[in-house]
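Participant: As annotated by TrEMBL, compositional bias 'Low complexity' applies to 515-537. The annotation region 'Disordered' is assigned in TrEMBL to 504-551. What TrEMBL records for 45-68, 89-109, 213-234, 241-260, 419-440 is transmembrane segment.
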Amino acid sequence: MPPARADYLAPWWAAWLHGLPHRGLRLQPVPAAFRPRDPDYQQSLLFLGLVAAVCLGLNLLFLTVYLICLCCCKRDQEPETKRPHSCCVTWMAVTSGLICCAAVGIGFYGNSETNDGVYQLLYALDHANHTLTGIDSLVAGTTLQMRVGLEQHLARLNELLAARGDYLQTLKFMQQLAGSIVLQLSGLPVWQGTSTDLTELAGHIAYVEYYRWLAYLLFFILVLTVCLLACLGLAKRSRCLLTTMLCCGLLTLILSWASMAVDTAAAVGTSDFCVAPDKFIMNQTESDISAEVVHYYLYCDQSLSNPFQQALTVFQRSLTTMQIQIQGLIQFALPLFPTAEVRGAGTQGPMSPPLLPVFPSTAITHTSLPQKDLLGVQQLLNSSETSLHQLTAMLDCRGLHKDYLDALIGICYDGVEGLLYLVLFSLLVAASFSTIICATPRAWKHFAGRWVCLHRGAQGLRAWHGSRARGRGIAVGAGVGEHWHLVPTGTGTMMTWTRKTPSTHRRVALPPTTRPGGSSAASAATAAAWAARAACTPRRRPSPMPPSPST
């Protein structure tokens, strides 16, 4: 068992989600260990999504039963005798709108938290990938220098110093040290496969996160738009807006439950990883990297020995010995080779003859033949020493361990917390839209009752106006495009009616003293008009009935 970790503890919400029962599609228990490629574990996450789908079905069933009962329970009652609870409908709509706005705020926060956690994970993966790529590059570059560059310089020095056996022995010893360095470098792990996997994983996560963030942003806009449609439909008493709101509300309700299913499954799966991330990583890398190396980077404890310490120590000692040897050759071997003065145009100087044949186009140079190779070897060793220091820093566990902790904190703290806020957002949206859908039919009935009372008031007005016109010998009828609407004035002795035609608007004031005499039809029409007015304003004190017309 790995030792207890002191620098990382899984958050309580991750432990709580990890403790949720994991069931397969046949309701058999499934181990909660994070195994994304195991079919049984995939079924346990799919089971959580199916639970949300069942909740969606129950929600739709409840709404269907409620609407059927609302339509069938009072079908036989007259519309004007109903008393729609307009105040209750208004308060339900206002409360649902406030809950919806609060849910959108929670959703924005959760979406931002999840996005921040995922991008912290991506940054850590990118930095770790850069470190692993740098290690492979340094190892490959140093190995190439030792095998190719150093061998070429030593081969030329063997030819130039062939007369001195002690120098040849030194060069042979340097070749052995170079071979030892190459051998130690070949023992280091190759991170190319791991780097490729990290690059592919980071690209896949970035792709999914971008579209997840964008989808939730569009979802938030849809929720706010449907809430605005509901408010406008209730304020303007528009059936068209309410119908559009109902269709979009059902779509939003389905999407909210679907998003809750996906977020719940993602939160539970991520929590399973966050509770025991070391075990999963060691199982994934056991075929590519030794367990000692993985354990060294995952825990980075000072009590643990560096698995690369021996190779780096041999590298350092061999490099130091080679530098000492090359310094000795530069100090003692160069005086044996005088500087050659080469002149152009085939002219030789008065001093010692040149060591190489002179060509007509050769410029004047001063060189010592072994000096170039000796200085080249010295420069190569200095470059290798710089690479050694960089390699030692990159192989140290602190850099990769910090990236590992940053990735865990990003995905397990911010990421899972944001997913939980998104689950809460989905629940609030489902509750608020269920309430709005339940309140809409009541508002619809309220609108229908007002239309009926206005229509019947117009009929009473036509009857009264027709009887009055007949008393005066005038035939009056409603023409095409004419509508009579009741406009209550709030008084008990005055009624104002508006005659609307395509081109004119006329208001007719009907005081109680103006009545056609001796007309029982007029009295009945007037009473019907006043009764319609009283039905249209059920919450006001009923106005007194006008006196019957005098004969």
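Please read every residue number as a count from 1 along the shown chain.
Cβ coordinates are placed from backbone N, Cα and C, and glycine is handled just like the others.
Given the structure is predicted, the values throughout are model-derived calculations rather than measurements.
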Participant: May I ask which of the stretches 213-234, 241-260, 419-440 has the most CB pairs under 8 A with the transmembrane segment (89-109)?
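Facilitator: Answer is 419-440, with the largest number of Cβ pairs below 8 Å.
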Participant: Take the transmembrane segment (241-260) and find every residue of the same chain, 6 or more past its ends, with a Cβ under 8 Å from one of its Cβ atoms.
Facilitator: 52-53, 55-56, 59-60, 216, 219, 222-223, 225-226, 229-230, 232-234, 422-423, 426-427, 429-430, 433-434, 436-437, 440, 443-444
Participant: Which residues of the same chain, at least 6 past either end of the transmembrane segment (419-440), have a Cβ under 8 Å from a Cβ in it?
Facilitator: 13, 59, 62-63, 66, 89, 92-93, 95-97, 99-100, 102-104, 106-107, 109-111, 113-114, 216, 223, 226, 230, 242, 245-246, 249-250, 252-253, 256-257, 259-260, 263-264, 266-267, 270
Participant: Please indicate, using numbers and ranges, the residues of the same chain that are 6 or more beyond the transmembrane segment (213-234) and have a C-beta under 8 Å from a C-beta there.
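Facilitator: Result: 89-90, 93, 96-97, 100-101, 103-104, 107-108, 111, 114-115, 240-242, 244-245, 248-249, 251-252, 255, 259, 422, 429, 433, 436, 440, 443.
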